[in-house]
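K.L.:
Here's the feature list from TrEMBL:
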- A:77-268: domain 'ABC transmembrane type-1' (DOMAIN)
- A:12-37: transmembrane segment (TRANSMEM)
- A:76-99: transmembrane segment (TRANSMEM)
- A:111-133: transmembrane segment (TRANSMEM)
- A:145-168: transmembrane segment (TRANSMEM)
- A:189-211: transmembrane segment (TRANSMEM)
- A:217-240: transmembrane segment (TRANSMEM)
- A:252-273: transmembrane segment (TRANSMEM)
Ligand SMILES: Nc1ncnc2c1ncn2[C@@H]1O[C@H](COP(=O)(O)OP(=O)(O)O)[C@@H](O)[C@H]1O
Ligand SMILES: [Mg+2]
C-alpha cells in the first residue's frame, strides 16, 4: 500500500468515527422527540395493544384535531406566547443595560451587586414559592399573566445579565470611545455601534429566556389556579385525569408546543451561528 | 487648528497615582510625540486630552478653553487608536463619514470630503468594503481617513503604527509626517518607539513613571539628554554607561576615573565636584577603535554584529558591556583585545545620585533640560 493510500484510509477512519459519534449523540438526544411524535399519531385503540413498536401499523391525526378544536389548548398556547414573549423581551432589555454597565463601568458596590445576583441563583425554586405567593397575593398578581411575567423576569435577569456582559466584554471598548469622539454620547454610541454588534448575543439571550419561560411548570402551577391564566405546561397536565392519562392527546399538544420554540430558533439561528463563530473572525 | 495647554494635570486610580503633575504647552500646528516605556502614562494623558478619562486635578485647555468638563464629542478632536477601532458593521465610506453624518453635514459635502480623503490615502477602490475585508495597513489608512475628514482642532494618535510590520511602519511614518505638513494640524502622537519619536516629532516629550523627563526637539533630546533615563531611552543602539568618579585634573581639563582605574578625559563639567560619583555616558558612535599605541583603553571583543552599512562591536571594558558603532569593516576577531577611545566633546557626565546630566562648562545655559 502506498503512503497516500494509508493516509487516506486513516483520514476516512478519522472522519468516519467522528460522524458516527455525532450521529450517536443526535439519535440519543432526539429519540424522546421521535417517541413524542410517534405516540401523537398512534390511534388510541392500538396504543396499548400493539406492544413496543418503532412505528404504529396505522396512523391518525385525530389527536391533533381533538387538541385544536375540543380542548382549551389553543388558549393555553396563547397565554404561553404572551408570557414567554414578554418575559424574553423585558429580560433581554434589562439584561442588556445591566450587562453593559457591568462590562464597561467601575462603580461602587459593583462586587456586592454581582454577588447578590449570584446568590439568587443558588436557591431551589421550591423554597421561594411560599414567600412569592405571599408577596403577589395582596397585589392581585396571583392568577394573572402579569404576575407570571414579573416572576419569570426576576428569575431570569441575573443569568441573562451575565450572558449579555460576556458578549459586551467581547466587543472592544475602543469602538464606543471612537464613536464618542466622532460625536456620539455614550448612550448613542451604545445604540448605534455596540448594540448592532451584540445582536448575536441579544438573540442568544432572547432564545434562552424564551425557552426557559415557555417550559416553566412549577410557578405556573402554584401561582395560577384559573383556566383562563394557565400556560401550556399546566394545560398539558389536564390530559392527566384521575383514572387515565390521555397520552395521544398529550403528545399531540406537546408536538404543537414545540412549534413556536422551533420557529423562534429558526428566526435567530443566523445570529446564533454568528455568535458562536464571532471569536474566529475578529481581528 | 488649535493650541493645547496642560497645566499641572494629575491622574489617580484610587490610591495609585499615574500622572504626577504634567505641564505642557503645545503650539498651534505642532507635531508633539509623547514617548516613554510601556506603562508610563502616555495613553492616560492622551485620553485625558480626548475626554475619555477624568482629570483628577489640573486643567486641560484646547484653543484657550478649559475642556475638563466637556464630553469627548464636544472637544472637536479626532483620535486614531492602536486597534484602529473601525466600526465592523459599516463600510469604509460609512466609517469615514460617521462623524460628519452626526454633525448633519450636507450629503454632497460628505461625499466630496470622503472622495478627497480617499484620494489622498489611496482608499478610493476600497470605499464599499467592510473593515474585515481589509489588510492591516489598509485598516490603518481608514482610521487615519476617519480622523482627517473631520478637520478637527487636533489629532490624537495612540500608537497607531504598532500593529504594522516594520516596512509598512516606516512607510506610514513618512506618510503621516507628509500629511501633517499638508494639513498643518496640531497633533499629539503617543509611541513607545523612540525611532518614531525621533523621525516624526517637532518636539519630543519624554515620559517616565508619570513624570515628564524632558521636552525638546529630537536633536536636542539626542544630543543633550536631561538625565540617564532619557539618554538610555532615546537612541538605538542605546547609549553606554560606565560608573566612575569625577576628577578635576587641572584648570581646564577633567576626567572620569573608571572602576578599573582607567581615566577617561571629559570636558570640565559645570557643577561637578572633585571625586563626585558620576556616570559616563557615551553613544556607540562616539567611541572609536584606535590602533595600539595611541592612548586608548584595552577592551575585549565579545561579539561582532555586521549590519550592512555599519558594524556593531560588543566589547567589555572595566567589566561592563560596551557597544561600539563603526563604519569600518572589523579586522579583529572575537576574544581579541582592541583599544578604544571616547570622543571627549561628545560624551556625557551624569551625577550618579540624581541621574541628572552635568553639562560642560562651555555649553551655553539653556532651558532645554526640561524640568
Ligand atoms: N483603569 C485603570 N485602573 C488602574 N490603573 C490603570 C488604569 N488604566 C491604566 N492604569 C495604570 O496607569 C499606568 C499608565 O497606563 P498607560 O497610560 O496605559 O501607559 P502607557 O500608555 O504609557 O503604556 C499603568 O501603570 C497602568 O497600569
Ligand atoms: Mg498606551
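Glycine too: its Cβ is placed from the backbone N, Cα and C atoms.
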K.L.:
What stretch of A:12-37, A:111-133, A:145-168, A:189-211, A:217-240 shows the most Cβ pairs under 8 Å to the transmembrane segment (A:252-273)?
P.N.:
A:189-211
K.L.:
What residues in the same chain, six or more past the boundaries of the transmembrane segment (A:217-240), come closer than 8 Å to it by Cβ-Cβ distance?
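P.N.:
For the transmembrane segment (A:217-240), the sequence-distant neighbours (Cβ-Cβ under 8 Å, at least 6 residues beyond its ends) are 71-73, 75-77, 79-80, 83, 125-126, 129, 132-133, 136, 142-145, 147-148, 151-152, 246-247, 249-250, 253-254, 257.
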K.L.:
Which range wins on Cβ pairs under 8 Å with the transmembrane segment (A:145-168): A:12-37, A:111-133, A:189-211?
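P.N.:
Highest pair count goes to A:189-211.
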K.L.:
Do any residues of this chain, six or more beyond the ends of the transmembrane segment (A:12-37), have a C-beta under 8 angstroms from a C-beta of it, and if so which?
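P.N.:
For the transmembrane segment (A:12-37), the sequence-distant neighbours (Cβ-Cβ under 8 Å, at least 6 residues beyond its ends) are 251, 254-255, 258.
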